[in-house]
Amino acid sequence: MEIREKICTGLKLIKEKSPLIHHITNYVTVNDCANIVLAIGGSPVMADDSAEVTEMVGFASALVLNIGTLNTRTIESMLIAGLKAKELGVPVILDPVGVGATKLRTDTADKLIRELKPEVIRGNMSEIKVLAGLEAAIKGVDSLADEHGSSVVAKKLAIELGSIIAITGKTDVVSDGSQVCLIDNGHRILGDVTGTGCMTTSLVGTFCGATKDYYTAAVAGIISMGLAGEIAHASLRHGEGIGTFRARLFDSIYNLTPEILAKEGKLNYE
Amino acid sequence: MEIREKICTGLKLIKEKSPLIHHITNYVTVNDCANIVLAIGGSPVMADDSAEVTEMVGFASALVLNIGTLNTRTIESMLIAGLKAKELGVPVILDPVGVGATKLRTDTADKLIRELKPEVIRGNMSEIKVLAGLEAAIKGVDSLADEHGSSVVAKKLAIELGSIIAITGKTDVVSDGSQVCLIDNGHRILGDVTGTGCMTTSLVGTFCGATKDYYTAAVAGIISMGLAGEIAHASLRHGEGIGTFRARLFDSIYNLTPEILAKEGKLNYE
Amino acid sequence: MEIREKICTGLKLIKEKSPLIHHITNYVTVNDCANIVLAIGGSPVMADDSAEVTEMVGFASALVLNIGTLNTRTIESMLIAGLKAKELGVPVILDPVGVGATKLRTDTADKLIRELKPEVIRGNMSEIKVLAGLEAAIKGVDSLADEHGSSVVAKKLAIELGSIIAITGKTDVVSDGSQVCLIDNGHRILGDVTGTGCMTTSLVGTFCGATKDYYTAAVAGIISMGLAGEIAHASLRHGEGIGTFRARLFDSIYNLTPEILAKEGKLNYE
């Protein structure tokens, strides 16, 4: 089956199954993550107490871990939930927000990767470079790295970690260590709204919850956000900006059909 | 006074008094809860540290407890705040989000009900069935239970717990153990947005903060959200979805008048 | 340079530098604060664990502390981050949300002011009166105080604390102890949306991150929000309310130009 067809099937499966996506995530964009999962057809649940994450992950089809606002309590919960997910065969999707900016973030990402071997890791180039042990200019949690060599980095790191690596930027790159897919959807304005990275990870998680083909899931999640960004931006009129754009972004994901998703994806793959 | 008239009065009183509604709630939908209270004319305050909840509840006209993202720290705060509320005669409104999904949620809901005897408990059918000791299919925090027998369950549980029970679903049911009110407002799209349940509870809380008639308050809060959902959905144009719907939901609550609320409510009562 | 010119320059500098604004803030309006910083051209980062705030503040151009939902863990982080900020010459902007409502808030605000001597303190009249040791009617976190004598209070407190004092209300007042600026932008509907106060503080923080002239920064941040409120309100059509208004508020900040900001500011200064 060609990848466009697989992406199409992926979205159909989400709409059919409404997979439950358990998140342990940051409090900045948590509401956006819940709404984006609902918009695409999944079912979000946020639970982060160590006393309940094991049970909750037992109902889940995927586990999204996002280190945007870490603390000692939630780090422990991420590990407990992640280990249970691995035991149950529930895919773990990691968003290493701001890794490299602080020791806490770097140590936590390293630990989560080592102990959980996430099925998918999605970050910007700065974050992925840190995970790959390369130098990268980190300024808070924003990416300043250029896109050059993204596919080399993604492929290399995917082999090294045994995880699918998804790097989002001007051109997005996904690799499982053998395949590489470049995606050219999206719009610059997505960077002007908080949480578009986190939401992309949640969309990847939702696709992972509907299909065992996590490589396709990562590609599909990224295209979904990129395409929704294009549609939302194209709808803006004079005087409108990121407030209206945000609302339309959810609208666009909500109205995305499997056919449009597969057809409008700007993919290049090896 | 007929119930429609009481509902009308309830909203007038909110607009006049702007009651302060103290929330200890989850971090997923907390912003939505604050804005919905403001939209209808109340005044929200969110404070969850055990060191300050006693004082804060002293200013409040109602206390909303929502167990959507529990942890040890906030459970303790809910109990402290709740006991103070009981002492002061401030009504307690409980939203047992996801009860039955995990032991932590079930134990916490049980404890809060036993120790605080909330004036109103609002949940979906799955959640209320768990509280009633009935079997229910729980999938994370979403309701999968059918609506059959809702009014029997609501009435029975209201008598058993001495609380007003409000079950939201396709048809909503409110009972205080003797009266039963069925409400047929709302739209299916409300289930596609996170926080519409939590916001309904906050609206119920706001009505409880304005009138001592908590049964009417529960009915009024539920109609408000249902009606706003209908109005917001009716306004959607081609290409719009949950992003625009959410904005319009707040618009619709903001523009709700006592007259419209009383007139458009689809009520059946015994 | 006249103040209008300085304001104009301030916004230009934000657009050029995209200063990183580190927030330790409440979980109610944190998403709004992140998006408003992005909307005006800054770069927000939220990090509140004591293990990482020292490093994060090292990347930041300003530190915003907001006590809206305090707890023991974040109070400690605010102090650690604040002391590091002072050491590095990073300006500290304090939003004493609800000070006076509870002992925890009053004690924390007092401690933060005493130990950190914030460059700017922004609150409503009730909050500032508490800091000034004057009586004020406090009802939760909402302001009930009248505006009379605002400039006297602002000036007096600015001298006493050595901080720039910004009081927002119908007429906003900013003083550094010698200068006083009155601002008449804004619209009453801003009070019907949660987080407009917090966002104003974040805007002040973003201006402080772009210029060392913190007095102008405080004035510019307040005008920005007031002006955006006016523009957003003027755009509302029949049936629209705070949901649409909120989206337009972000739109308006996003589209604000240095020229409009300087030109449309309704300023009176001594």
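A Cβ is built for glycine as well, from the same backbone N, Cα and C atoms used for every other residue.
Automated prediction, rather than curation, is the source of TrEMBL annotations.
TrEMBL lists B:Met46, B:Gly195 with the feature substrate binding site. According to DSSP, B:Met46 (substrate binding site) is assigned to a strand segment. For B:Met46 (substrate binding site), other Cβ atoms within 10 Å of its Cβ number 27.
DSSP classifies B:Arg122 (ATP binding site) as strand under the three-state reduction. Summarising the annotation, TrEMBL assigns ATP binding site to B:Arg122, B:Thr168.
In this structure, the CA atom of B:Gly195 (substrate binding site) is 13 Å away from the CA atom of B:Thr168 (ATP binding site). Comparing B:Thr168 (ATP binding site) with B:Met46 (substrate binding site), their Cα atoms are 24 Å apart once rounded. You'll find the Cα of B:Arg122 (ATP binding site) roughly 19 Å from the Cα of B:Met46 (substrate binding site). Note: none of the binding-site residues B:Met46, B:Arg122, B:Thr168 has a C-beta at a distance under 8 Å from a chain A C-beta. Of B:Met46, B:Arg122, B:Thr168, B:Gly195, listed as binding-site residues, those near chain C by the criterion of a Cβ under 8 Å from one of its Cβ atoms are B:Met46.
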